[in-house]
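Sequence annotations record features per position, and here TrEMBL assigns transmembrane segment to A:17-37, A:44-60, A:66-88, A:100-121, A:141-164, A:193-212, A:232-255, A:262-282.
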Amino acid sequence: MTFSLFFQSLINGLNQGAIYALIALGYTMVYGIIRMINFAHGDFIMIGAYTLFYTIPMMIHAGMPAWISVFLAVVICAAVGVLVEVIAYKPVRRAGSMSALITALAMSLFLENLAMVLFGAKPHNVQKIFDLPSVNVLGVALPLNVILTIGIGVVMMACLQIFIKSTKIGKAMRAVPQDRDASILAGINVNKVITMTFAIGSALAAVAALMYCAKYPRVTNDMGSMMGLKAFIAAVLGGIGVIPGAMLGGILVGLIEIYVKLFAPGWYEAITYGILIVILLVKPSGILGKNVGEKV
Amino acid sequence: MKKRLLPVTLITALTAAFLAGCGSSAQQSAAGGSTAAASSAATQDASATQDASSTQADASAPEGGDGKTIKIGAYGPITGGSAVYGEGAQNAIAMAVEEINDGDSGYKVEIVNGGKIVDDGGDAKQAINAYNSLMKEGPSAIVGSFFSSVTLPVAEQASKDNMLLLATGATNKDVTLKGSTIFRNCFIDPYQGKMAAQFAKEKGWTKAAVIYAKDDDYSNGLKDAFIENAEANGIEVVYVGECTTKDTDFSSQTSQVVAKGADFLFYPAFLDTVPLLVGAARDAGFDGAVMGGDGWDGTDTAGFEDNFENCYFTNHYSSEDTAPAVVNFVSKYTEKYGTESLNACAALYYDAIYMLVEAAKNSGASDTVSLVNGMTGMTFTGVGGTFTMDENGDPEKSVAINTFEGGKVKWLMTLSPEGTKE
């Protein structure tokens, strides 16, 4: 492998990995707080991508810069996330984890099929938000929008980390899974915190949609299912429930996929899923996961 | 330990269940020809379309035919991601029937099912249902479909029933090998691969890379034929990369294409991933030619106009071709139905109806046996050019090579096995 090929694949892998990481964050935040795997999370990206698809031409038509669409996508995704939580997940929260999981699967299928009815099944090309040229670094053509999206991903992850570590609501988010009853005693509105978690997770999905569309400018109603699944693998790989774990897992899955594809393109999915199984066998809690006993 | 294992097992089980669920739901929706599965159905079953099966109401037919009416059944993709093909086919059949019945050929055409194409949704299972429903109406011939994966099982069944099946866009070479009553009016996969290699040779490209979808028969067929003929034409194949019809990321494969120094990239696949592949190739710094087969017809180039410079694909015909039959078809079709659904599929169904009339003329009767006899070895001139049916029931015909200009498809040349017709 020549250096330029290695370097280009590194950038491609980081780009792919940053997308997975942002999606994985949504899975891990929700799992961390209510021990529920929100399978509909992948479909929030689809909603974000459709929002971009419809609003970018509107913005350009109205003479406004195209990046305003990103904020619209964030708002719409957050609203959908909150709506899904309040309408579908909250009522079954006390019914046990199995009911919650089935509800999440149903929600995922519902959103995909709703999107099909509303937007049709034909794939659409999303207009470019950033029209940036490629630069030549060390003999490798690097599209600047790829660099920019990696940058956005890193900034989002850093902001999230600061938010969780140092704001009051962030602290509440960490407190609730540790001891829900004690959190209530300490004056934390648990329902509000959970809703907030969904809002943030879904907003990150909108950013992931932006990054996805910058690299693969195509939306379909089922785009979220495979991507969501891979991001879920990333979350488990890094240690589900652990925020830095989701980032590490996402980047790792992205890099593994791209490098495996370089030499054995037919094998990359088998290898990606194989890694999930191996990690679960060797370290059931994931790379950064802690072996905390379940509270009774 | 037990308590810790439980969630792990649960997650694994659920992931498996989720995966399984995805798979089956995709299948079901594809089977139902619902629009949901359209994109996946389009990718997987890209060669299924409607067959206008022409049944001839011959003298012995219960309908009291006079031997001069050809009773045809047609099936094709009316719903699903390839619905635009079905729409074109429906319009083209209506046009052909009107022309023939108003003409003086001595034969009339009747399309069963009230003149409508029966929907196959671009799916093999649904196509068999479509075929069975057509057979109930006792046609003399069946026309369709546009996709190989949809046509293959129908061809199998039609061969058992001794029914004349005239496939339209089904390019997989096995289609006509199913029986002596199976014909088609399009070229076959290996042929497109061969013509792509010939085109590359004429252009003077010497180092070719191939990326193909290994889960798709069409893609495999074109890839094999291209590699075989590239070597025969002195073109070195420097890289062969796999992908699947569901992939969206091609950055690794295209990086390899650049690293291996290819000046020509062959991507035989269906339209929905073509913009992503071309975009990824350009992002990776590949400025050579990218080429595909008839699966590229109808590719959405919006937002990719610049990337599609120096891209080519082989097709059954081009609406810009200057041959009289093409000009006549294009102008009439445009006048009646606009250009939205004016695609290769429409042209092939149009030709199919005329071919059956020609076959009836050759044999002097309109029952299935006479049509098969008339069809075997016949020479036909239509929108798809002038061609002769070979011993397998495949036409030997030229291909149209299209390119893109500002994102719009533009006819470049018509390439025949003997040489170029500009």
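The count begins at 1 with the first shown residue.
Positions of Cβ are set from backbone N, Cα and C atoms, glycine also.
Heads up, TrEMBL stuff is auto-annotated, nobody curated it.
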Chain residues outside the transmembrane segment (A:66-88) and at least six past its termini with a C-beta under 8 angstroms from it:
40, 44, 47-48, 51-52, 55-56, 58-60, 103, 106-107, 127, 129-130, 194-195, 198-203, 205-207, 209-210
Using a Cβ cut-off under 8 Å, which residues of the same chain at least 6 positions beyond either end of the transmembrane segment (A:193-212) come close to it?
15, 18-19, 22-23, 25-27, 29-30, 33-34, 38, 41, 44-49, 51-52, 70, 73-74, 76-78, 80-82, 84-86, 90, 129, 149, 152-153, 156, 160, 163, 169, 172-173, 176, 183, 223, 227
Given pairs 6 or more apart, does the transmembrane segment (A:100-121) have at least three Cβ pairs under 8 Å with the transmembrane segment (A:17-37)?
yes
Cβ contacts under 8 Å made by the transmembrane segment (A:232-255) with residues that lie 6+ beyond its boundaries:
10, 13-25, 27-29, 31-32, 35, 37, 39, 42, 157, 160-161, 164, 177, 272-273, 275-276, 279-280, 285-290
